[in-house]
Amino acid sequence: MEEENATLLTEFVLTGFLYQPQWKIPLFLAFLVIYLITIMGNLGLIAVIWKDPHLHIPMYLLLGNLAFVDALLSSSVTLKMLINFLAKSKMISLSECKIQLFSFAISVTTECFLLATMAYDRYVAICKPLLYPAIMTNGLCIRLLILSYVGGLLHALIHEGFLFRLTFCNSNIIQHFYCDIIPLLKISYTDSSINFLMVFIFAGSIQVFTIGTVLISYIFVLYTILKKKSVKGMRKAFSTCGAHLLSVSLYYGPLAFMYMGSASPQADDQDMMESLFYTVIVPLLNPMIYSLRNKQVIASFTKMFKRNDV
């Protein structure tokens, strides 16, 4: 009876970051610049790969899709944050919240699978170089890409489905700068223990599987590199894997800490700085990490601009 008489909430307040009023415009401009650079960098990388037929190979097909997912991840979070910097009210409707959570969950999960697939690609390239063209074909790459997106979609649908069993009546204040699953569950009027369990099981399983794939791949890669007698060969192998290892470390570090450490009703509020790092900063850095020392990408980028000038 109490639940029936309670007023259902359909709007929420995103608290966002705490800052002095005079910092509102500088913060808005800073995040706007970051977002624009992120979108230009990732879409630029996609354009370079799309335009150059020489880059239509598994390594760059995976990189192009990573850039697409990074652009989606950044957009799903940053656009609403930019609006809230200037808006008097930081309200978000329940439907908007679910849409944001859905797009966020798809992009985050898909990126996990993509990073694992890229690690496998590096394993085959370094440990089985002669068999690489036969094993890592474009057909296999496309199938792995489809599985990555399907995995992201299913994971998002699971959490969206379980959200429909919840009602929100008491508090409408989300202690975050976007609609993330954990802060939303914490203000649920309905018992959200099952939802927390689903987060722990599915998010945990995905992270264990993808991180495990990355670790196992690089254990074999490291073993193969150490067997190489040529210093030049070792440098080339490290150069091939360095960018991906850095990207994986930056992405999985805060992500694993947040979702494996906070998926319980008693856990403290999420550290928003950790969320900011992997939703805003990592998508900004990835195009630079993968492009600046990649001679093929730089050469293709230069060619594309020369053609445009002509």
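Even glycines carry a Cβ here, placed using N, Cα and C.
Per Swiss-Prot, the feature disulfide bond maps to CYS97-CYS179. If you take the C-beta of CYS97 (disulfide bond) and look for same-chain residues 6 or more apart in sequence within under 8 angstroms, you find PHE12, ILE174, CYS179, LEU184.
The N-linked glycosylation site annotation in Swiss-Prot covers ASN5 and rests on sequence analysis.
Feature annotation from Swiss-Prot assigns topological domain 'Extracellular' to 1-28 (among others).
As annotated by Swiss-Prot, topological domain 'Cytoplasmic' applies to 50-56 (among others). With helix defined as DSSP H, G or I and strand as E or B, the topological domain 'Cytoplasmic' (50-56) counts 5 helix, 0 strand, 2 coil.
Among residues of the same chain six or more beyond the topological domain 'Extracellular' (78-98), those with a C-beta under 8 A of the stretch's C-beta atoms are 9-16, 24, 27-28, 31-32, 34-35, 38, 160, 163, 168, 174, 177-179, 184, 279-280. For 78-98 (among others), the entry in Swiss-Prot reads topological domain 'Extracellular', with the evidence type sequence analysis.
Sequence-distant neighbours of the topological domain 'Cytoplasmic' (120-143) (same chain, 6+ residues past either end, Cβ-Cβ under 8 Å): 56-59, 61-62, 213, 217-218, 220-221, 224-225, 237, 240-241, 244. The topological domain 'Cytoplasmic' annotation in Swiss-Prot covers 120-143 (among others), and the record cites sequence analysis as its basis.
Sequence annotations record features per position, and here Swiss-Prot assigns topological domain 'Extracellular' to 165-195 (among others).
The annotation topological domain 'Cytoplasmic' is assigned in Swiss-Prot to 217-240 (among others).
Residues or ranges marked as topological domain 'Extracellular' in Swiss-Prot (evidence: sequence analysis): 262-271 (among others).
When pLDDT is averaged over the topological domain 'Cytoplasmic' (293-310), the result is 76. The topological domain 'Cytoplasmic' annotation in Swiss-Prot covers 293-310 (among others) and rests on sequence analysis.
What Swiss-Prot lists as transmembrane segment is 29-49 (among others), and the listing cites sequence analysis.
Long-range neighbours of the transmembrane segment (57-77) within the same chain, counting only residues 6 or more positions beyond its ends whose Cβ lies under 8 Å from a Cβ of the stretch, are 35, 38-39, 41-43, 45-46, 49-50, 100, 103-104, 106-108, 110-111, 114-115, 117-118, 121, 125, 136-138, 140-142, 145, 148, 177-178, 279-280, 282-284, 286-287, 290, 296-297. As annotated by Swiss-Prot, transmembrane segment applies to 57-77 (among others).
According to Swiss-Prot, the feature transmembrane segment maps to 99-119 (among others), an assignment based on sequence analysis. Sequence-remote contacts of a segment are chain residues at least 6 beyond its ends whose Cβ falls under 8 Å from one of its Cβ atoms, and for the transmembrane segment (99-119) they are 59, 62-63, 65-66, 69-70, 72-73, 75-77, 80, 92, 144-145, 147-149, 151-153, 155-156, 159-160, 163, 178-181, 184, 206-207, 209-211, 213-214, 217-218, 244, 247-248, 251-252, 255, 279.
If you look up Swiss-Prot, you'll see 144-164 (among others) marked as transmembrane segment, on the strength of sequence analysis.
The transmembrane segment annotation in Swiss-Prot covers 196-216 (among others), and the record cites sequence analysis as its basis.
The transmembrane segment annotation in Swiss-Prot covers 241-261 (among others) and rests on sequence analysis.
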_Through the lens of DSSP with three states only, how would you label CYS97 (disulfide bond)?_
helix
*Other than its close neighbours in sequence, what residues sit by the transmembrane segment (272-292), given a CB gap under 8 Å and a spacing of at least six beyond its ends?*
17, 31, 34-35, 37-38, 41-42, 44-45, 63, 66-67, 70-71, 73-74, 77-78, 104, 176-178, 180, 243-244, 246-247, 250-251, 254-255, 257-258, 298, 301
_Validating a neighbour-count step here. Other CB atoms within 10 A of the CB of CYS179 (disulfide bond): how many?_
23
